[in-house]
Amino acid sequence: MTAILPSTAATVNTGFLHFDCVGKTFPTPRGPYVAIEDVNLSVQQGEFICVIGHSGCGKSTLLNLVSGFSQPTSGGVYLDGQPIQEPGPDRMVVFQNYSLLPWKSARDNIALAVKAARPHLSTSEQRQVVDHHLELVGLTEAQHKRPDQLSGGMKQRVAIARALSIRPEVLILDEPFGALDAITKEELQEELLNIWEEARPTVLMITHDIDEALFLADRVVMMTNGPAATIGEVLEIPFDRPREREAVVEDPRYAQLRTEALDFLYRRFAHDDD
C-alpha cells in the first residue's frame with residue numbers, strides 16, 4: 001500500500017526547511033482574503049519536494065514565503081532554525097519565464113551571479129565555477145550566445161545553471177518547465193535530477209504536472225483549493241535513486257500513485273464549474 005500521509009505527519013520541528021502553522025492573508029477591497037492557513041511541513045536537508053494543486057491553491061504564496069519576498073500573517077517559515085525574513089543567496093528561484101539579462105551572454109548571466117554571491121573566490125576560481133555549470137547543463141558551446149539566440153530549453157538551462165552556481169541551500173523552482181514542449185521538458189527533468197544528485201540542494205518545486213512530480217520528488221505535497229488552502233495530503237515517493245524514467249513509469253506503484261494524486265485533485269478537490 002502506498003504511503004499517503006496527512007499534513008500533520010510532516011510537522012516535526014527537526015526539518016531543515018520548516019513551515020510552522022503558516023497562514024497568509026491579503027487585504028482586498030472586499031475584505032481580507034485568506035490565501036493559506038495552518039500550513040505545517042518539515043523538509044529535510046537535500047530533500048526534493050514537489051507541490052501540486054489547482055490554480056489559486058497557494059502554491060505561489062508558499063514560494064514567496066520561502067524566498068523571503070513575503071512574510072506570513074501567522075506562524076513562521078524557518079530555514080535551519082532561523083526565521084526567513086528577507087531574500088538571500090541561500091535561496092535561489094528559477095521562474096518559468098527564464099529571467100535572464102537579455103544583453104548578456106549565457107556565460108555572463110551565470111558569471112554575474114557568481115561574482116555577486118561568491119566574491120571570496122578568485123577570478124580564476126569564479127571562472128572555473130562558471131565553466132563547470134555550463135558543462136553541467138550542456139551549454140559550453142553556446143556560452144557566448146545571448147538569450148534571444150537561445151531556445152526556450154537552453155534559456156532554462158542557463159537559469160538553472162545560474163541558480164546552482166552560487167551554491168544555494170534551497171533551490172526554488174516555479175513551474176520551470178511549464179512553457180516547454182514535451183520532449184524538451186522530459187530532457188530537462190532528467191538533467192535537473194542529474195545536477196541535483198551532484199549538489200543535493202534542498203528543492204521546493206511548484207508544478208501542475210503530476211507525472212513530473214512523481215518522477216522528480218521524494219515527496220509530493222498536495223494542496224487543497226483556496227481560499228484558506230492548506231496541505232491536504234503528502235505522497236511518499238518510493239522509487240530508488242538515481243531514477244530512470246522507463247523504470248519509474250513501468251513500476252506498478254507509479255500507476256497507483258498517479259491514480260491517488262488524480263483522485264485528490266480532480267475528485268475530492270475539483271473546482272466547481274459554476
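Glycine too: its Cβ is placed from the backbone N, Cα and C atoms.
Annotated domain 'ABC transporter' per Swiss-Prot: 17-250, in sequence order, evidence recorded as sequence analysis. Positions annotated as ATP binding site by Swiss-Prot, on the basis of sequence analysis: Gly53, His54, Ser55, Gly56, Cys57, Gly58, Lys59, Ser60.
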Problem set entry | Shell list (ATP; ref centroid = CB of Gly53, His54, Ser55, Gly56, Cys57, Gly58, Lys59, Ser60; cutoff 8 A) | Met223, Asn225, Gly226, Ala229
Exercise. What same-chain residues, at least 6 away in sequence, bring their CB to under 8 Å of the CB of Ser60 (ATP binding site)?
Worked result: Asp174, Ile206
Exercise. Do any residues at least six apart in sequence from Ser55 (ATP binding site), in the same chain, have a Cβ closer than 8 Å to its Cβ, and if so which, in order?
Worked result: none
Problem set entry | Around the Cβ of Cys57 (ATP binding site), the count of other Cβ atoms that are within 10 Å | 26
Problem set entry | Least Cβ-crowded entry, counting other Cβ within 10 Å, from the binding-site residues listed as Gly53, Gly56, Gly58 | Gly56
Problem set entry | Lys59 (ATP binding site), number of other Cβ atoms within 10 Å | 25
Exercise. If you draw a 10 Å sphere around the Cβ of His54 (ATP binding site), how many other Cβ atoms fall inside it, taking every protein chain shown into account?
Worked result: 17
